[in-house]
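Working notes, beginning with the structure itself.
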Amino acid sequence: MLQQILTGLLIGSLYALIAQSAVLAYMTTRTINFAVASVMSASAFLALALAPFDWLTTPGRIAIVAILATAFGAVLFRVGVAPFSGSSEHDIRWILSLVALGLVFDDLILNSQGGQVHRLGYATIPGTLTIGDVTLSNQLILIGVVSVSIIGIIELASRYTGIGLRMRAVAEDRGTAELMGIRTNRIRIGSYAVGMIGVSIGAVLWSAQVGVSPALGSPLLLASFGAAIISSFTSIGGVLVGGAIFGVVTQLSSYIFGSAIGQVSGLILVILVLVLRPQGIFGKRALEKV
Amino acid sequence: MKLHSARTRSYIRPKRTILLAAVTLTAALTLAGCSAGSSDDSASSTGNPGGIPVKMGILGPQTGAYAAFAGVGELQRGYELAADDFSKKYNINFTDEVVDDQSDPAVASRAVQTMLNDDKIDVLLGPATSGSALQIASVVQSTGRPWLSPSSSADNLVDMSIQPNWLFRTINSNAMAANVVGQYLYANNAKVGLIYSTDAFGQSSLASMQAYAQKAGKDLAVEPLAAGAPDVSGAIQRLKDAGVNSLYITMSNGADIAAVTKAISDANYKPNPMVATGQAEGPEYSNVASPSDWANLKIVDSRDLTSKPVQDLAAEYKAKYGSPPSRLSTVANTYAAVQLYMAAVAKVGSATNYEAVRKAMEDITDFSSLGVDFGTPFSPTDHDLFDADPSKWFLQALDPNGNLISTGSVPQG
């Protein structure tokens, strides 16, 4: 049982690392990046393309991938969201736009790179760590440490830096923030871009474990959105809790009731949260003046 | 004036951004659409100019969930290699049409009707997956067109109660595999487990193994896994705790088999024997797994993929396409299917006399392909090229470099 709980916590941290991008985007733009799975696949293939450059260290390669993914995130916002957001709360063209862009990039990756799964060959710590009866994959432990670190840094930056203050101001009330002289569009585009740092690093570390393929991101997308729904779309650090709950519930359910139940248990939990506490664990209930 | 200028800018800029978005989207869609997504993607010709004209329709995923690991590419390439090698011998001139079923049986169903009725194909090759093949079966059988299936192993696909039967299958069925593997796995009263994918192939494998176990009066522990499941350690732990010491892995995707064997390795779990289906034979498995993961893994196949003729075909494939096959067994089975069809067309002298071609395929004798002597491959009551005789099946393994090596025929308990 302890084995499943610890594995669930580690896999949940990966969900959280992807979920933080959704939270950052939602807080400042009230949109969700539905193309994030494509960013993951693109990041993994980019990391694969850098594999032959032996003079680059592993952190150097990952940094290049993260920088380019950041630019990709900014472009996604500029092309897929900015033209359609802001005119009205009810304008949902950005959803279609992001989904379409995601499909286009998936197709581009598939047709340019082929469907085969490739070995990344770096950014991996082989082997396992055994403590008593519990055996954990070293790579999952690495992913857990990196996820907590990145999410922690973003959370601290949002609380204690000037940019973080401006971001929270935009999240609170974009109109007022604009009147205060904050360049809200820069904050919004920055949120999309910064979110991609964690997504791309998560993609590289995960692809080192499961291989680089066009289908890399899709299986993680629902779980990461689930983690954000459980914790709240307004709490950056909270996604670690949301991811942990999602990961542990699916792991334990798989072990106790079998994989068929385990694979849907996380989604059932998400539905329960949506029904019973739609704002999530860390979200505030929105009060409306009548 | 300043206010007017600001208003003008704020009016123009969103329009320019929308224009930029539209241009980018259009360009990307155009690029992406170059080779995928439509139902009449490409048409080309190959073979012996002036020979008997044959219009070959090839159906399989170029997009969607299965495109990445069970795409139409291996069918197309197996066909092209057979056409290269035999079109002069049989005097055949192929034109072909490759159609994307988008990994969706409903799309496959619509696409095949267009191929049969509008495009007037003479023979259908594919679909690549069991789900799509089962979906289109009744349409093809009722239309009456020779149909070659080299990669769909679902048991109920070949239903010989339908006569005349147009489907000729050159891959083993899941029931055959269950019969062969079952005898091997249950030897020495082992506790047997099955990990299967939750798609049509996996469900069919499950049904076959359950039927075998029930007939043999044995227990079978089963664990379903969705394709691409992020973590499979829960399922592995359940099998380990249940005392399963003999394991069969039937997943549609080599990468998923890699996830399973990695989790087995991480859990320090050592089922022996541990047998996987042919999806583990190539780079889609070995590119992801590590040598320690496959040290104990055996791969079961109705072909000896390490034989010289099959390895020569793999070399021919690599020389022609620049990379080794991702699924050598699919290429070899497609090669055999097209070779059989060409022999039948040559005998009839026409590809459009469908009934005569169908009958000719049933009547072929002394057939050999890739070093295997099949004798009489089909008959009016048998449209499966392979059978469940364990002595004709092979166990293979991967060496530390990921190359396939033979470990002989399947031993029986």
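Glycine residues also receive a Cβ, built from the backbone N, Cα and C atoms like all the rest.
If you look up TrEMBL, you'll see A:31-50 (among others) marked as transmembrane segment. Distant neighbours of the transmembrane segment (A:31-50): 18, 21-22, 25, 56, 61-62, 64-65, 68-69, 72-73, 76, 80-81, 85, 94-95, 98-99, 101-102, 105-106, 109, 113, 118, 120, 123, 192, 195-196, 199-200, 202-204, 206-207, 212-218, 220-221, 224-225, 233; these residues of the same chain sit at least 6 beyond its ends, with a Cβ under 8 Å from one of its Cβ atoms.
Tertiary neighbourhood of the transmembrane segment (A:62-80): same-chain residues 21, 25, 29, 33, 35, 39, 42-43, 46-47, 50, 56, 94, 97-98, 101, 123, 188-190, 192-197, 199-201, 203-204, selected by CB-CB distance under 8 Å and a gap of 6+ residues from either end. The transmembrane segment annotation in TrEMBL covers A:62-80 (among others).
Per TrEMBL, the feature transmembrane segment maps to A:92-110 (among others).
Residues or ranges marked as transmembrane segment in TrEMBL: A:140-158 (among others). A Cβ distance under 8 Å defines the sequence-distant neighbours of the transmembrane segment (A:140-158), meaning residues of its chain 6+ beyond its ends; these are 7, 9-11, 13-14, 16-17, 20, 24, 125, 129, 164, 167-168, 194, 197-198, 201-202, 205-206, 209, 236-237, 239-240, 243.
Taken from TrEMBL, the feature transmembrane segment covers A:189-208 (among others).
As annotated by TrEMBL, transmembrane segment applies to A:220-249 (among others). Proximity of distant same-chain residues to the transmembrane segment (A:220-249), defined by a Cβ-Cβ separation under 8 Å and at least 6 residues beyond the stretch ends, is recorded for 4-5, 7-20, 22-24, 26-27, 32, 36-37, 40, 147-148, 151-152, 154-155, 158, 171, 206, 265-267, 269-270, 273-274, 279-284.
Residues or ranges marked as transmembrane segment in TrEMBL: A:255-276 (among others). Listed as Cβ neighbours of the transmembrane segment (A:255-276) (distance under 8 Å, sequence separation of 6 or more from its ends, same chain) are residues 1, 4, 222-223, 226, 229-230, 245-246, 249.
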